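K.L.:
Attaching a single structure in structure tokens format; questions to follow.
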């Protein structure tokens, strides 16, 4: 879905550069780009595990720094061009107070999505070498990563709002906030595409592994499920490629499904907020808190137990509220959207 918006944004920016900002023929459908992205993920998904995509993760991190700093620089330049802080403390004006409340809830969902990484934390920790202990390395990496992420989000959010005020788009790069310099905007959007290619696999590989493990345990005697075949590479008789029918079919079905959903629901902020809201409490709060309680053997009724449960309950309410705001925005956008 995000990739579809980014590719369409690249095409529109180049069109505006050639034909002028007043032209009306620069809008295009992103379905073709979404299909191409899905085909690329089909190839990358056949890599066995996170160990085999370490290079892709490094490239994704590098490109994420690229488009982030470009976005921050463009917003800072826009702010400096008019010199004043635009916008109001109350935010963008809406027709009814309930719309303001839904927008706040949607924003909470987007923030929650930005910090949803607990579902891949253990898998990433398994790829680390020791000494030092993996948990200590991961704890330090999480602290630095979350700190840098928070500071950068605040910088970009505040700078972007100061630059555009209440007219700030939901996405600085794909929301057509900038047209020039077109080459720099294109570089940033290409960095987003590369980053998404890596991020998709980092989040999807653990899901693939869990589903494949479940299916293999559910039908342990089925040869078609647990077998691995080796296909010789043409021109290289001594080389062969392992092909597992279960991995090939299961991963293909999942990617085809997610690609179809992305094409049917091309709503950037709303879908992002819903994913973040649904994953925030169970993955980032409940699961880690439960592990912490079990590891330290915190007994029910202790002061720490009550504080942890209270925090978990508050985060559950936040997740539910953000889900409501995201669903409302999706329903609202469906009234005017055209699938594909």
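Quick reminder: no glycine exception, Cβ is built from N, Cα and C everywhere.
Those TrEMBL annotations? Automatic predictions, nothing curated.
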K.L.:
Can you say which of 30-47, 84-101 is given as transmembrane segment in TrEMBL?
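P.N.:
Among 30-47, 84-101, the range TrEMBL annotates as transmembrane segment is 30-47.
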K.L.:
Between 211-231, 274-294, which stretch does TrEMBL give the note transmembrane segment?
P.N.:
274-294
K.L.:
Other than its close neighbours in sequence, what residues sit by the transmembrane segment (54-81), given a CB gap under 8 Å and a spacing of at least six beyond its ends?
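P.N.:
Long-range Cβ neighbours of the transmembrane segment (54-81): 44, 127, 152, 155-156, 159-160, 162-164, 172-173, 177-178, 184-185, 187-189, 191-192, 194-195, 197-199, 201-202.
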